[in-house]
Amino acid sequence: MTRFVFITGGVVSSLGKGIASAALGALLQARGYSVRLRKLDPYLNVDPGTMSPYQHGEVFVTDDGAETDLDLGHYERFTGVHARKSDNATTGRIYSDVIARERRGDYLGATVQVIPHITDAIKDAVTRDLNQDLDFALIEIGGTVGDIESLPFLEAIRQLGNELGPSRTMFVHLTLVPYIPSAGELKTKPTQHSVKELQNVGIQPNMLLCRCDRLIPENERRKIANFCNVRQEAVVSALDVDTIYSVPIRYHEEGMDREVLRHFNLPIGGEPDLTRWREIADVVRAPDGVVKIAIVGKYITLLDSYKSLAEALVHGGIANRVKVEIDWVDSQIFEQADSVQRLEGVHGILVPGGFGERGAEGKIEAVRFAREHKVPFLGICFGMQMAVIEAARNLAGLPDASSTEFGPCEVPIVGLMTEWARGNDLERRSASGDLGGTMRLGSYPAALIEGSLARETYGGVPVVQERHRHRYEVNIHYREQLEAVGLRFSGLSPDGVLPEIVEYADHPWFVGVQYHPELKSKPFDPHPLFSGFVAAAVRQARLV
């Protein structure tokens with residue numbers, strides 16, 4: 001029998017509902033329960049795939065090829081449970097499905113309305129594809145209570161609470177308790193008003209997570225409990241912490257997991273085993289050294305655009321017991337003369353994914369600096385493509401080498417995937433048409449060449465499964481020319497058609513991959529490429 005915990009937010013956005021949901025999932029796992037986390041997003045986009053990184057942050061890709069909210073990355077990293085397409089639903093997707101059903105005549109001529117048709121579709125998104133033996137489904141509702149676009153979602157979960165009853169549903173509300181320096185006290189009024197807003201749509205929260213920069217005194221907790229109609233023990237101080245990997249420990253100390261079990265009349269038993277959480281938090285707080293890695297990107301004004309990437313570097317640091325200090329560098333600055341000197345002193349250079357011509361030449365210059373100065377390098381997706389173009393121009397004597405993404409070119413080292421096969425289904429794509437649904441998405445295999453750095457880094461396995469998100473591929477027809485100048489194609493699709501990994505044998509550590517390894521990295525299971533990259537940076541820093 002699956003129990004549902006709904007997590008909502010109030011007062012302001014970006015309070016950390018995703019981290020709170022993931023931390024609760026980790027605590028329940030530590031007590032022996034199975035969990036699955038889901039996110040309902042109120043925006044009208046069908047998915048975040050075509051949204052600007054400046055608007056939404058990164059797009060998290062699942063094994064089954066869904067482009068989802070970045071919070072699903074937190075869910076995976078904290079619980080180790082791989083997300084699926086069904087774990088993220090948006091208003092756009094819900095409305096698209098309902099309208100498609102109306103066009104097919106599924107509603108038999110009925111007037112299609114928000115209630116019951118949209119709310120029924122939302123309830124289906126909450127409950128479908130869940131294993132019958134799943135203990136807990138944690139459902140995060142995006143947005144802030146009081147937003148117009150959130151109302152259908154709140155109504156749907158209110159109905160589920162009524163239909164399933166309190167024995168199977170719980171409502172957790174994340175709110176803000178700000179400290180006002182001039183008054184010298186915490187203010188509870190925003191929380192009171194936020195809860196009232198939630199009560200106005202028929203939802204009584206069972207627990208309050210109160211974001212604050214200091215512990216809430218007992219008298220203030222009592223006051224919040226009184227005004228918001230919750231148990232005092234269910235008013236949890238969600239304190240600011242120095243690392244997100246301390247959040248499960250902090251919430252446990254505040255009694256969050258015990259209160260959830262009490263609500264569902266489940267045995268609390270002994271203490272959960274949080275040893276591994278304490279161990280990684282200790283490494284993050286007290287590392288053996290520091291390495292500096294430059295991320296040369298084009299969306300650095302919103303760091304959420306690279307959320308999984310930054311976390312994967314933290315994981316690589318944990319594996320090597322060092323702190324990774326990230327130097328965020330706008331790739332466009334390298335399009336100016338002598339600006340690559342900005343990279344002197346870093347112990348590693350990472351060129352991440354991206355789309356479009358803006359900043360591409362700067363990324364190519366960053367690749368060249370890493371190659372010529374023997375600085376450890378990791379290129380991801382677009383970053384690998386820029387590494388191949390750099391080799392073609394500066395080593396293979398192909399100065400006109402470029403990508404057709406930037407326009408027609410004489411030497412299309414990188415080109416649009418006009419067709420490719422997955423299983424027995426041949427899919428065709430063209431440069432014209434809608435952008436949505438035109439990429440190679442999800443998990444695909446890569447065969448690793450024996451004796452390569454890539455295969456060694458992966459522990460000697462011959463084939464790996466990695467997540468992809470790209471429209472363009474390195475042109476395999478240039479393989480011979482590029483390998484002749486030292487750029488080895490060390491990973492290919494099993495049919496040998498699509499280049500997946502490139503590297504230099506005469507470089508301390510230089511790897512470019514067409515996929516996104518950061519999407520599979522976890523604090524307790526760092527991705528081998530990030531462990532290896534950070535280890536190379538440690539050697540570069542002369543720490544070992």
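Every residue gets a Cβ built from N, Cα and C, even glycine.
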**Request:** Out of LYS123, LYS223, which one does Swiss-Prot list together with SER13, LYS187, THR188, LYS189, PRO190, THR191, GLN192 for UTP?
**Result:** LYS223
**Prompt:** Which residue of GLY25, GLY348, GLY354, GLY442 does Swiss-Prot report at the same L-glutamine site as TYR54, PHE382, GLY383, MET384, GLN385, GLU405, ARG471?
**Reply:** GLY354
**Asked** In Swiss-Prot, the residues SER14, LEU15, GLY16, LYS17, GLY18, ILE19 are said to bind ATP. Which of ASP69, ASP71, ASP87, ASP97 is said to bind at that same site?
**Response** ASP71
**Request:** Could you tell me which three-state DSSP class GLY16 (ATP binding site) falls into?
**Result:** coil
**Item:** SER14, THR191 as binding-site residues, winner by CB count within 10 A
**Value:** THR191
**Request:** Can you grab the distance from GLY354 (L-glutamine binding site) over to LYS187 (CTP binding site)? Cα atoms, rounded to a whole Å.
**Result:** 42
**Prompt:** Can you tell which of LYS223, HIS516 has the most other C-beta atoms within 10 Å, given these are the recorded positions?
**Reply:** HIS516
**Complete:** Among SER14, LEU15, GLY16, LYS17, GLY18, ILE19, ASP71, which the record lists as binding ATP, the farthest-apart pair of C-alpha atoms sits at a distance in angstrom of 12
**Fill in**
Between the binding-site residues GLY16, GLY18, PRO190, GLY383, the one whose Cβ has the fewest other Cβ atoms within 10 Å is PRO190
**Message:** Within 10 Å of its Cβ, which one of these recorded positions (GLU405, GLU518) has the largest number of other Cβ atoms?
**Reply:** GLU518
